[in-house]
Amino acid sequence: MWIPVAGLPLQLRLSALAGAGRFCILGSGAAMRKHLPARNRRGLADSSPQLLPEPDFRNPPRKASRSSLDFKRYVTDRRLATTLAQIVCGKPNRPPHLLLECNPGPGILTEALLEAGATVVALESDKTFIPHLESLGKNLDGKLRVIHCDFFRIDPRSGGAIKPPAMSSEGLFKNLGVEEVPWTAGVPLKVFGMFPSRGEKRALWKLAYDLYSCSSIYKFGRIEINMFIGEKEFQKLMADPRNRGLYYVLSVVWQVACEIKVLHMEPWSSFDVYTRSGRLENTKRKEVLELLQQNLYLIQMTPRRNLFANSLTPMNYNIFFHLLKHCFGKRSATVIDHLRSLTPLDAADILMQIGKKEDEKVVNMYPEDFKRLFETIESSEDCTYKWLYDDTLEDV
Amino acid sequence: MSVLCWGRGAAGLRRALQPCGCPGLLAKEGILGGVCGPRRSSSASPQEQDQDRRKDWGHVELLEVLQARVRQLQAESVSEVVVNRVDVARLPERGSGDGGPQPPRKVQRGATGASPVPRSGWAQRLEKDKRIQRMHMQQLEVNLQMQVQSQSEELKVWPKHLQVEPRLLSKQLAVFLAPESSWEEQLPRVLQEAPRKLRLAVGRAPSTQAQLSGQQQKLLAFFKCCLLTDHLPLAHHLLVTHHSQQRKQKLLTLDMYNTVMLGWARQGAFRELVYVLLMVKDAGLTPDLLSYAAILQCMGRRGQDAGTIERCLKQMSQEGLKLQALFTAVPLSAEEQATVLKAVHKVKPTFSLPPRPPPAVNTSKLLRAVYAKDGPVSYPKLHLPLKTLQSLFEKQLCVELASKVCVVSVEKPALPSKEVTHARKTLQTLRDHWEKALCRVLQETKNHLEVEVHKGRFSLYPFLCLLDEREVVQMLLQVLQALPAQGESFTTLARELSARTFSRHVVQRQRLSGQVQALETYYRKYLHLLASDTKVPNPCLPRQYWEALGAPEALREQPWPLPVQMELGKQLAEMLVQATRMPSSLDNRHGSSRLVPVLYHVYSFRNVQQIGILKPHPAYVQLLETAAEPTLTFEAVDVPMLCPPLPWTSPHTGAFLLSPTKLMRTVEGATQHQELLETCPPTALHGALDALTQLGNCAWRVNGRVLDLVLQLFQAKGCPKLGVPAPASEAPQPAEAHVPQSAAPARKAELRRELARCQKVAREMHSLRAEALYRLSLAQHLRGRVFWLPHNMDFRGRTYPCPPHFNHLGSDVARALLEFAQGRPLGPHGLDWLKIHLVNLTGFKKREPLRKRLAFAEEVMDDILDSADQPMTGRKWWMGAEEPWQTLACCMEVANAVRCSDPAAYVSHLPVHQDGSCNGLQHYAALGRDSVGAASVNLEPSDVPQDVYSGVAAQVEVFRRQDAQRGTRVAQMLEGFITRKVVKQTVMTVVYGVTRYGGRLQIEKRLRELTDFPQEFVWEASHYLVRQVFKSLQEMFSGTRAIQHWLTESARLISHMGSVVEWVTPLGIPIIQPYRLEHKVKQVRGGIQSITYTHNGDISQKPNTRKQKNGFPPNFIHSLDSSHMMLTALHCYRKGLTFVSVHDCYWTHAADVAVMNQVCREQFVRLHSEPILEDLSRFLVSRFCPNPTPRKISQCWEASQLKETLQAVPKPGAFDLERVKHSTYFFS
């Protein structure tokens, strides 16, 4: 996918053109330190030294990224962009949703989306792209807004001061004029983006906590998320007892919470990969090569309208999470064994109520079974103490 | 032969009785064993023809059967059986011998043989059982005859006998197993045999316990424990089974063989002793001193003829072992020594014990004055007469024998409502149930574990036999009662349980072995030194006096290795979980409800970690709360002592009378400190031992008036402002307790967050409250009594009181509750010191000279008197003080004194404090002889106290102004914000190794507190400031920084060479920094959960360079400040003062402050007049610079660099140390 980079800011263009041996100058990681300097020095000697991108010293990155696998991927192919725009915007006759695009980067997809008639808010975490993105929306009278923001660091769970590109959802949505809608109402807005190549799992967990607790972005309603996700994590996310090797806590959490649809599949190689220093072209590193052979899946995750219809609520979701973590902590065990550490109620009786046998294994339970199990215990009437859980058992 | 059959049949019976696992299978197995026993045993080894022995073993087995049955009957009727209990593990006495000192027995021995079983109720039932069982067996015998052949493999699972005879790998040695002559004759011949296989010495000679593998540690502990619990045949069995398998034999070390040999020697069992010796030789090991000690002991007991003994001794000297060393290097009890001596005397009638070395005296230069025989000495005496002290001793002895103390809780008693009585009754019923259930489970577990040993595997069986079953059960119930509502981590609980078992075992052992009586005798004599109405001819230090009394040093019980501790704790915790059950609904009085467990094993998820937690059923927690039981139970060692502590005489004896206490507190499982202390010359520790003894000898009492006031607040709603925590019921409540089911999810989410917040606050309040409850309850318990706080030290020599909840190290409230039990008249200047102390406590006049503080006290005398008279209703002046409760206590003392007709004669009990001002920097400044620095930390005499924080702030301000003029934006921003407060914490902690990173965080916190500082600049400003603070310190304390750097660099290089940093304090205490790379051990598998723990004691681990290097400077300074404190303490003691300390804060009576101040300054000068850094450098070079230089080039370079660095001691400045003697504010 090699496209003209006319619209790119100076710094990026330079690095993109710099040629072989130039990847990963800033993206240093512990694993890279040993062999990379040599490569770099050689690379510098070959190409003209003045082409080095000027690192931005005014705003030094607070935390150096841990690994050189910390890539950003951008859609740079126009045809792909058009396809995606069609998928995401849906049928043309519907009133278009407000669309949050995460990390649009060079803005190829943004253009396509705008052409498809969507109203786009571009949340870009990399400041260097912002001037270019802003230039895209010049004549569109407000159909495009660009904000310096990292979608995955909205309302960080660690607490503390929030500095851009981290943001508070309250401020962001107020700024955009998005109103809170009840859970049972329709989808208030859509998000399009890609999970960060590293930490897909972390991002999924954060979103899951936000979703179940109706906080952060989900405070505003059932926000639909369209994201590209790596093959491995995708398979795990969609796994169930039929595919028990990959079945784990997040599979249950997400399948219970959302309807998950696969919208599109695209090989890694269709995207441009940028490290911190710029575009990644060819590499000999094994991990990277392996990654490049995988596919990315565009999935749509729409929170279920009836998620909180029964006794699972934002009040007790953490117990549900604890139940799942407990069960998958020893997944080969029977459910009844786990229940005995989770609730003082009669475990056999509960299993009978949900129509499961006493020797049911954890990995044989479908996501909805877990939800039913939880709700059965939660709504059992005759007992004051339903759970052994308390907040001290969790560090969130 | 009938006995033999009987034994077999009964063996089957016993197995059938095993009440564990799947009973059906076991019963079958057992009977099979019974049926085809003869065939198997004859095939096992041809030596079994030895009729005599067979009988014995059958006998033993029979006894075991009886015991198993007795246990079962016991469970049914506990009371009936206590009188007659069949004690089994002991072999029938054989041969002559005086029987020797049998290890202590817990119960009176009933029947040793089979026949004279008393005809009590249970015995009859036993008889009947046996009859029935035999009939069943005969029937089964017929049925099973067919199947026997096919199932013979199965039998291998179940070895019939405890093995006695070893299977030797060496044919030559095996000849000895069938002796032509008596066993006694055999012995010297066996000794002369050369070890069979030459093993690599490297793999076989682990010198310390820490070098053994986990499995080996467990085995060794097993053998030792078997000796203690009279399970020697079991130990022998395990040794033999291990020896006969090649793979397992590798685990055995000489220590293990020696242990079993010693056991046989104590019983005078010659044949078994020879067996073990054969195995030693067979394993390719050479007997050492311990082995010879055992052999000679055995011969001493048997009255062996001189010839054999002579041959043994000859062999011994041929192997280069000295006879003298038998009596000096081998830990033997007095009786054992006598027996060995008896044997030796037969050959060498003239041999006499090596003379006891005369008490050595510490010769260190610093301590010379302390131990000088001449010169004025007036050691203090306690204020109590001998009679009182003796009765106090009785009380403390009772407490420690019981291992626990019940204390009335000061929580407001619950009104005796119907609910409460019902709850208490329910609880009592439940506990009764649990007690029975625990008893049963304990017995089952023991039986099961015993079987494990029979199968030749290590098990915890002997460890569970250490304590009386009831005691174990009581201990478990006690732990259950104290379990917090949110649960306790499984590992912590396991550790706690095994620690409690160990300390109870040690106490029990002393009781049974008659050590308590000996202690009583010596302690009564010792009290003559301390009592007010007795005189001793040569006044000396308590330790010297105790040593002169000639008390035999009690044999010390080694703490169990960590793997055993964890496994035992785990086993106990599992039993607790297994046994305790309660009805699912407690309100249901019909009792028909389902039984549910009381304890649940749940997991907590912290990041990637998964932590097992034992959590009590919420209904049980609720029940406990409703019952609001009025007593708290403490372990004996958690409560202050009721009599003066034992003087410290060695690294492991001192402090509590019976409970084991370590001289140096360390992390669990770290043995290196203890080893270091054991191996250093005993005199080197004298300074520390005497200082700790002296600190512990200070008698305390509770300040009743203050306690009344605190209790009044505590039982009302608390007062967090004054440090009296409020009950959790005062915690904030969420605005809305319930939301309707139909509420919007977002609303619910909000409520949940609020709820979680409230719960968190409530939990924190609860833990604070519990802490205060313990403290105040103990204070109330001790009200009106005199008590003592025994001390020990951490690995740097800093001293701490042992009882954790109530001591003078605690918060303001805790300190205010304590006063000296012994009073002293104020004397001419005492009142002034009291007043100054009062002003110091308020914190109002920190930077004023003493006379101004005094003047201020006069000025506010009205307020002081008002505070003293009506603390809660008056003007409450004291509440505004920095340390309100101590201020109040002092106000009362001052009021009493001034109202006295003659204040100088007023007897004051209040401790007056003298605080070092930034003590760490004082030591640094003295080390580096920094003139500027010394002046700013009050080493230099001055009219007003200097304040180093203000000094640093001023210096920072100078730099800031320069930068601001140069146009640095941050510097301009910070104008007017640089105060003492902003820099204080950083300056204070710099001494203790705070880094720039940590310093920046501290300053950031301070800046955030400033409301008018533009918050967006906080990061930049803190970054700037921390650099300036470090720069200023560098400027003011140039020597300090150089020393710090030198220490850090030395530690880094030492650590790089692969060693951990060690040094010796000026007083001679050896110190080792324990930081090593953590080594995770996944140890105990199976059961509820497997336990993983980090093991810090493993000396094979590499050092943690970062911790070694960051820790060295502060630890070294701490070792200096502790030396200073100990020197001051010892000299004050010599002058007859009462002295205690909280690290760098020294306490004494008001009348003695002047003397203490003088001593404190003199000793500081003395300490720093020593070439401390040069000594350190010399020590480090000799310890860590390899000699000769290593072969590898890289190492060579590192070594030379290390040597160079170590020898480059920073040059001191020009400060004249003597001036400290005249500095008023050095300690003030």
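Numbers run from 1 along the shown chain.
Quick reminder: no glycine exception, Cβ is built from N, Cα and C everywhere.
For A:GLU124 (S-adenosyl-L-methionine binding site), the number of other Cβ atoms no farther than 10 Å from its own Cβ, over all displayed protein chains, is 25. Residues or ranges marked as S-adenosyl-L-methionine binding site by TrEMBL: A:VAL75, A:GLU124, A:ASP150.
Per TrEMBL, the feature domain 'Ribosomal RNA adenine methylase transferase N-terminal' maps to A:83-284.
Residues or ranges marked as region 'Disordered' in TrEMBL: A:40-65.
Feature annotation from TrEMBL assigns signal peptide to A:1-20.
The number of other CB atoms found within 10 A of the CB of A:ASP150 (S-adenosyl-L-methionine binding site), across every protein chain shown, is 18. Around A:VAL75 (S-adenosyl-L-methionine binding site), the C-beta neighbours below 8 angstroms that are at least 6 residues distant in the chain are A:ALA81, A:LEU84, A:GLY105, A:ILE108, A:LEU109, A:SER270, A:PHE271, A:ASP272. Secondary structure at A:ASP150 (S-adenosyl-L-methionine binding site), as computed by DSSP, is coil. Taken residue by residue with DSSP, A:VAL75 (S-adenosyl-L-methionine binding site) is part of a strand.
Once the Cα atoms of A:VAL75, A:GLU124, A:ASP150, the listed binders of S-adenosyl-L-methionine, are compared pairwise, the greatest separation found is 17 Å. As a whole-number mean, the pLDDT of the domain 'Ribosomal RNA adenine methylase transferase N-terminal' (A:83-284) in this prediction is 85.
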